[in-house]
Amino acid sequence: MPLGSGETVAVTGMMGAGKSTVARALGRLLGRPVVSLDAEIAARAGKSIPAIFAEDGEPAFRALERHAVSAVPPGAVVDLGGGAFCDPASAARLLAMGRVVFLDVSPAEAARRIGAGDGRPLAATWEALLARRLPLYRRAHLTIRVDGLAPDAIARRIVEAL
Ligand SMILES: Nc1ncnc2c1ncn2[C@@H]1O[C@H](COP(=O)(O)OP(=O)(O)O)[C@@H](O)[C@H]1O
Ligand SMILES: O=C(O)C1=C[C@@H](OP(=O)(O)O)[C@@H](O)[C@H](O)C1
Ligand SMILES: [Mg+2]
């Protein structure tokens, strides 16, 4: 079924999969606004993502994330953080609001991209998180293997497949 104008397109996948980059390209291609969940969370908390994790803990971060998901406007392209689609309440809402696209990146490519993991408090547990999250990411409507593809090419593939 073609994408409805009120349906959101949410981009999920592991840290370093290129969600934030591809969401921006997709927003340009579709002419739709892009909502970055992490930016919304940081703005609401008045501090950075690492500061939220360090000072308030992951459960507090996930609660802010659920709130940010509930505030996404119809029709937006949504740049999710890597764990957002793995929270049951956020996932149910995202699936009800529109389409979800899983960007599937190899561990080696993600490691090249995120380096030491600065700004990503959970980067050190990347492999263990992938093992836990993969069955959850598989609930997405569409999966794109991103290794070797430029962001614009990924965005075009998403639009063709939606
Ligand atoms: N398709 C791509 N090919 C090469 N590098 C990419 C691609 N997508 C993103 N990157 C780079 O990888 C890094 C992580 O991208 P980002 O969009 O922040 O990922 P995520 O939001 O999934 O963690 C950035 O430096 C970005 O420029
Ligand atoms: O995987 C995760 O749980 C997280 C991913 C991050 O976003 P990116 O996937 O854009 O790095 C950010 O939401 C936070 O550090 C938690
Ligand atoms: Mg991101």
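Here the Cβ of each residue, glycine as well, is placed from N, Cα and C on the backbone.
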For the substrate site that TrEMBL lists with Asp38, Arg62, Gly82, give the additional residue from the candidates Arg133, Arg138, Arg139, Arg145.
Arg133
Can you match one of Arg93, Arg99, Arg120, Arg132 to the ATP site that TrEMBL gives for Gly16, Ala17, Gly18, Lys19, Ser20, Thr21?
Arg120
Out of Asp38, Gly82, Arg133, which of these binding-site residues is nearest Ala17 (ATP binding site) by C-alpha distance?
Gly82
May I ask for the distance between Arg62 (substrate binding site) and Arg120 (ATP binding site), taken between their Cα atoms and rounded to an integer number of Å?
14
Out of the binding-site residues I have (Ala17, Thr21, Asp38, Arg62, Gly82, Arg120), which ones have their Cβ sitting under 6 Å from ligand 2?
Asp38, Gly82, Arg120
Restricting to the chain of Gly82 (substrate binding site) and a gap of 6 or more, list residues whose Cβ falls under 8 Å of its Cβ, or answer none.
Thr12, Gly13, Met14, Met15, Ala17, Lys19, Leu122, Leu129, Arg133
Go through the binding-site residues Asp38, Arg62, Arg120, Arg133 and pull out the ones with a Cβ less than 6 angstroms from some atom of ligand 1.
none
Express the distance between the Cα positions of Arg120 (ATP binding site) and Asp38 (substrate binding site) as a whole number of Å.
11
